[in-house]
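Report on one structure; see the data block that follows.
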Amino acid sequence: MSLKNSIYNYGSIAKWLHWTTALLFLLAYCSVYYRQWFTEKGTPENWTALQLHLSVGISIAVIISLRIIWRLTNPQPHLEPASPLANFAAHAGHFALYAIMIIAPLTGYLGTGVNTEFLFLFEIPKFEHTALFQSWVAQGMGLSFEQFEKPIDFIHKQILGKWLIWMLILGHAAAALYHHYIKKDRTLIKMTTGKDQLK
């Protein structure tokens, strides 16, 4: 399997980045719902689940940065034959996914009220304690962290976490399965086995 993409398939690096992103988003949801459903506030288990969620969020930000760099420096496999409207929908869907994958960890970090103990190896200061917050938000906008955090937290938890991310992920998965089982083209194969044709 080639490391780089071709006009026919995604390479192994693009596949690794794609499926690692999917796994990290799954872990992000598992950690946050485990914390909500199975732990009590103020307990060590609650804190551990929170720190796992924050660590996964930072990891997503790193992986997405690598994905964008790799996408911009590698050819993309050609789209399967389809109508102009379907091609537009595919491009729009990918754009929306990338936008969400950037905005979700960004709003998560900006609205976090505690430092991130990244995998309990080292500490990343919360945004409130950075020079950027002091110069841009506190002095530039005249906002306290509580004033700044409230709308950011609403976007991250209520809009993205509860609704938009799920809708886009389910739509993305449904489109891939539609191409594989209904249209019987190579859309899903390009990101999995890379075989030349469906059996």
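Glycine residues also receive a Cβ, built from the backbone N, Cα and C atoms like all the rest.
Remember, predicted model here, so these are calculated numbers, not experimental data.
Among the features that TrEMBL reports, domain 'Cytochrome b561 bacterial/Ni-hydrogenase' is placed at 10-194.
Beyond the transmembrane segment (16-34), the same-chain residues lying 6 or more positions past its ends with a Cβ under 8 Å from any Cβ of the stretch are 10, 49-50, 52-53, 56-57, 59-60, 63-64, 66-67, 70, 101, 161, 165, 169, 191. If you look up TrEMBL, you'll see 16-34 (among others) marked as transmembrane segment.
What TrEMBL records for 54-73 (among others) is transmembrane segment.
Beyond the transmembrane segment (85-110), the same-chain residues lying 6 or more positions past its ends with a Cβ under 8 Å from any Cβ of the stretch are 21, 54, 57-58, 60-61, 64, 67-68, 79, 116, 127, 148-149, 152-153, 155-156, 160-161, 164-165, 168, 171-172, 175. For 85-110 (among others), the entry in TrEMBL reads transmembrane segment.
Among the features that TrEMBL reports, transmembrane segment is placed at 163-181 (among others).
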